[in-house]
């Protein structure tokens, strides 16, 4: 935000330079980005009196002037201007002078006559043109030889501030004046607000206002009759120009002036155009066309808040007025609007419409609704002062939920301990009073009343920040901590997550990351039925778009998107995993959704179900999860029936793994088989143990036996393994499946499964007879229970 230094001095008596003030304000928390001095572009231009004018001997349109610039001898200047006479005082750019736009002046000959400089016009000095064609003629009592910047008061600095979103009270010249006064320990003066309605007509008799949406927190309207549209006074135009705002006419300029001065946007409607005598504040209609003051027709929708004349939009609330209610040269009656709107809605609407204005940039920060009346009074005062019209009697003010001051109690001893200072409570009170935080001291307690314009002060820590910045951060002594800080370590969950990543990358997988918000269309793509609980989602109020409008309840679609993207780019294989969250809504709206930590693994290309299962078994083993089992799953719509399993850990459901249903693959344009596992990490981590346990190497040899069985295709390998472990007894050390085969030499409807079995006792050597007895028992049980045949 740009604040002209001269304008700032209208409200606070500053006796230091703009640069020094910038340094002081930056140290007190109001960051100064840049200080621009308008006079820096002008160098070596002084006032001079024309003592003699003679015709140029070789040019009819040129004259030769003798100009006194306060030196011992006058200088000679050749010019083509013709609006000056002898004894006139003019700006003179001498040899070596610099003018705006980096124009350098050098002495030289014009048609054979030496010219030692140039006499300047208003345009050449970069000043607003008054309409005079030719040189700038200065008052006759102007001192000779003076720097033109001093004479014309051109040496005005503009200070540019970076205003953070939590300080909307600083989005104005008065707000910066308040900060300046607090920083320098002096008083500041509020602008005059008093006025007397000169027109006895009451606006309440001719206008009605209705707020139909809570996005408008307050709306105030006043009327002005017998309006005189004319140019604003020079001082106002100058202030606006310095702040980067173009002067238009007195009414528009007054509203812009007050917006910059107090930080509260206002708008003036041509009273003739409010034909329904009723202003309505409500959202627009889908596809509604509306032409704004910049003469651009825009399409609005039901999310954009509008100011309407009955059913007809006349302004985009908080953004820009409409061309259909613009104040014109023949306007005789205006309706003044001063309101407060929801900042989030203004920001979203402004972005959607591609229209960001000075007004919207202020409303985006959530302004204080109590500023509305102050700004309206100020506008009425200026209309009266500039004789721009007659303010009507009465005020329409709709303010349903008034914002009130906040009260805080802070212990002064806590404050010093928190800041590491030794500030007296009396000084604390003084610092807070400077910032208009009215403070009473009661013992060691500071009773603070926070004004409504300081919405950022909520906690005692916020008060501490205010005291620290006025006291001076640079004045706070450097001290050692009173306590010993301990370096924070990772949580068990973080260690487990790191372990999972390490295991899966070691298994040849690549980690992927996807958005947690998804499209409603994903459920159809992965064949989730309409009544399935997975479709009960958390909906985002302000989504980036429909494709990102829901919080996901499953990671299956996210992984399918990743596999599809790889497949579409002709990658012959993909091995991916992602650790993320799914969001399960609570039945009670007051309870936050459950955030479930999830691991999803996806792959295609020269892999099968057993590859995926092997990765999971390795993961379970590395996490030291003791009891895991699998059960057939045939009902999940996303997976191929008969080629899917449920994983249980300690009898608790931990996830699904299997081959993806062909119809799902078609929906993602994938022509290869894909395999996915979706696991509940919370269940895995609850049963994991990453502490390393060591045991002595076995002292006695093991007996290894391989077993190849012919079984029906429907027999689960888990059932086979369960029998082996149960019947193996205490001498069984380990059992592993190492082959599953179907094809040549295997009857139809059958499969061959092969296991490696290890027998061992920790305290003695096993005999062949002992091993054979147990091994034969296992084979008989498999034959009797599962119809297995030993190959």
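Glycine too: its Cβ is placed from the backbone N, Cα and C atoms.
Residue counts for the domain 'tRNA-binding' (39-149) under DSSP (helix as H, G, I; strand as E, B; rest coil) come to 11 helix, 53 strand, 47 coil. The feature domain 'tRNA-binding' is assigned by Swiss-Prot to 39-149.
Feature annotation from Swiss-Prot assigns domain 'B5' to 403-478; the stated evidence is sequence analysis. Residues of the domain 'B5' (403-478) grouped by DSSP class, helix first, strand second and coil last, total 33 helix, 17 strand, 26 coil.
Within 10 Å of the C-beta of residue 456 (Mg(2+) binding site) there are 15 other C-beta atoms, taking all protein chains into account. Look at Swiss-Prot and you will find 456, 462, 465, 466 tagged as Mg(2+) binding site, backed by sequence analysis.
DSSP states for the domain 'FDX-ACB' (698-791), grouped as helix (H, G, I), strand (E, B) and coil, give 34 helix, 32 strand, 28 coil. The domain 'FDX-ACB' feature in Swiss-Prot is assigned to 698-791; the stated evidence is sequence analysis.
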Practice problem: Would you list the other residues of this chain near Mg(2+) - those whose C-beta lies within 8 angstroms of the C-beta centroid of 456, 462, 465, 466 - in sequence order? | Solution: 454, 457, 461, 463, 464
Quiz prompt | Residues satisfying Cβ distance under 8 Å from residue 462 (Mg(2+) binding site), sequence separation of at least 6 | solution = 456
Quiz item: So for residue 466 (Mg(2+) binding site), how many other CB atoms are inside 10 Å of its CB?
Solution: 23
Quiz prompt | Surrounding CB atoms that lie within 10 Å of the CB of residue 465 (Mg(2+) binding site), all protein chains | solution = 16
Quiz item: Taking the domain 'B5' (403-478) alone, what is its mean pLDDT?
Solution: 95
